[in-house]
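To keep things clear, I will list the structure first and then write my remarks on it.
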Amino acid sequence: MATSAVVNCLGGVRPHTIRYEPNMWTHTFSNFSIDEQVQGEYAEEIEALKQEVRSMLTAATTCKEQLILIDTLERLGLSYHFETEIEQKLKEIILHINREEDASGGDCDLYTTSLGFRVIRQHQYHISCGVFEKYLDKDGKFEESLSSDTEGILSLYEAAHVRFRDETLLQEAARFSRHHLKGMEEVLESPLREKVQRALQHPLHRDIPIFYAHFFISNIYQKDDSRNELLLKLAKSNFMFLQNLYKEELSQLSRWWNKFDLKSKLPYARDRLVEAYIWGVGYHYEPRYAYVRRGLVIGIQIIAIMDDTYDNYATVDEAQLFTEMFERWSMDGIDGVPDYLKIAYHFVVSAFEDYERDAGKLGKQFAAPYFKQTIQQLARAYNQELKWVMGTQSMPSFQDYAKNSEITSCIYIMSASVFHGLESVTQETIDWLKNEPNFAVSTGMIGRYWDDIGSHERESRGGKMLTAVGCYMKQYGVSKKEAVRKFREQVEDLWKDVNKGYTAMTCMPRETAVLFLNYARMCDASYTENNDDGYTDPDFSKRKISALFLDPLVF
């Protein structure tokens with residue numbers, strides 16, 4: 001609910017202040033203590049089952065068998081246990097494909113060709129979409145006879161979502177497969193029906209791996225008559241091990257967050273620690289990335305306090321003072337600065353220092369200066385946006401707003417906040433990101449455009465009218481409906497750029513490339529489902545939080 005604007009002591013007008021919903025998880029995780037015996041039992045069982053799965057990988061001989069097993073491991077959230085074995089199998093498959101000139105490695109059915117194409121691209125190997133030409137009729141359309149192959153059509157649909165901009169064949173594959181899946185989803189039997197419905201809402205390539213793993217284990221695989229009981233048992237034990245690990249991390253982070261007591265000191269700001277942590281598991285869910293998850297929580301909480309201070313409370317004059325404090329990175333010369341700004345600034349600096357200590361422990365001290373620079377960069381961008389919103393500067397062109405949005409998408413600060421937790425990150429990685437590569441910009445703008453689509457009406461009702469949608473409508477004289485349609489098209493094109501950029505990033509370790517891909521996935525999954533972000537709206541995230549962190553899987 002928006003409040004009326006008020007005049008403050010510096011003579012400026014405050015923005016309409018949004019009263020956010022309270023935190024629904026305040027005490028849920030803070031007192032959690034992990035049962036080391038239970039966790040140890042899960043770990044022992046996982047290790048024993050892993051040996052049997054390695055034997056399965058070795059025993060799989062045909063390309064089809066190998067691809068299905070790799071895909072199943074990835075859907076179940078187990079592939080991180082077998083990274084070396086999977087990469088070796090994929091290299092063998094690619095060699096076979098190059099000999100056969102067929103993405104199925106000689107198993108010439110639509111399902112296997114599509115599966116091979118998608119998995120190979122998702123692992124950053126080159127493969128041409130020409131492998132699908134054999135399924136086209138004389139007019140260049142997909143043969144209608146394929147529509148009776150439900151699993152094949154679904155596999156084609158999933159493959160179409162790793163396409164690049166210039167791949168019109170895959171554009172047609174997406175249209176063709178979606179049309180037929182929509183027509184059959186209501187008559188399919190469970191669990192295939194649920195699998196198709198999930199794909200239509202969240203194509204697998206755009207889904208968040210750990211979210212999908214929970215869905216696949218609970219709703220698909222354990223109901224599949226052809227399931228492998230060994231894989232199912234490993235998947236359930238692995239998920240419960242991860243769930244306990246996440247609760248332990250949340251307990252530690254809750255204590256870290258609560259010590260600042262910003263809920264009472266800065267009541268205008270969002271109190272969303274658990275929602276921030278969900279982004280952490282979305283970025284990298286594997287156990288070895290604990291510092292990635294912790295770093296992202298620190299980064300997101302910094303972003304939220306800064307965003308809500310600029311966007312939801314500060315006057316233009318106060319925001320300028322706030323920005324200058326970040327530029328100086330010092331409490332010196334802040335006499336006359338309102339207390340709430342001192343509190344907000346002190347939190348940001350303290351949180352940064354916690355990050356800096358973590359970076360030192362990990363031997364990644366070089367990451368801290370860039371993280372600091374992204375905080376200062378974000379302050380300048382938020383300050384500029386507030387001047388536009390409050391009318392102290394004329395409304396920007398769509399191009400000027402979009403350029404500022406590259407920063408307020410938070411792709412740079414969020415990436416910087418986790419770099420110390422990636423073993424492969426070096427100073428060269430940071431230098432690469434400083435050059436604003438198209439791959440990073442494209443992932444950031446997916447999030448920014450989805451946010452603008454979802455927030456246009458909400459922010460307009462709150463008394464503000466500065467979104468990319470609003471700028472586009474004004475500059476080009478189009479309706480909101482037309483602007484939103486254009487933005488959705490732009491998101492689709494950006495995904496094609498992300499796919500191409502991801503596949504081309506072979507000079508950088510895959511864990512870094514996946515980081516940016518997962519940012520886009522988190523944004524896409526949030527906004528396509530709800531037209532709002534899962535951080536601000538606690539009800540939207542409640543179901544995901546319960547499933548990932550609280551509800552046990554049924555064995």
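Yeah, the Cβs are placed from backbone N, Cα and C, and that goes for glycine too.
Within the set 97-101, 112-116, 122-126, 307-311, the record from Swiss-Prot flags 307-311 under the feature motif 'DDXXD motif'. According to Swiss-Prot, the residue from Arg270, Arg288, Arg485, Arg488 that belongs to the (2E,6E)-farnesyl diphosphate site alongside Asp307, Asp311, Arg448, Asp451 is Arg270. A Cβ distance under 8 Å defines the sequence-distant neighbours of the motif 'DDXXD motif' (307-311), meaning residues of its chain 6+ beyond its ends; these are 15, 266, 268-270, 319, 322, 340-341, 344, 379, 382-383, 385-386, 389. When the neighbouring Cβ atoms lying within 10 Å are counted for each of the binding-site residues (Arg270, Arg448), the highest count belongs to Arg448. For the recorded site, Arg270 ((2E,6E)-farnesyl diphosphate binding site), the DSSP three-state label reads coil. If you compare Cα positions, Ser455 (Mg(2+) 3 binding site) sits closest to Arg448 out of the binding-site residues Arg270, Asp307, Asp311, Arg448. For the motif 'DDXXD motif' (307-311), the mean pLDDT of the prediction comes to 95. Residue with the densest Cβ environment among the binding-site residues Asp307, Asp311: Asp311, by other Cβ atoms within 10 Å.
Sorting the motif 'DDXXD motif' (307-311) by DSSP state (H, G, I as helix; E, B as strand; all else coil) yields 5 helix, 0 strand, 0 coil.
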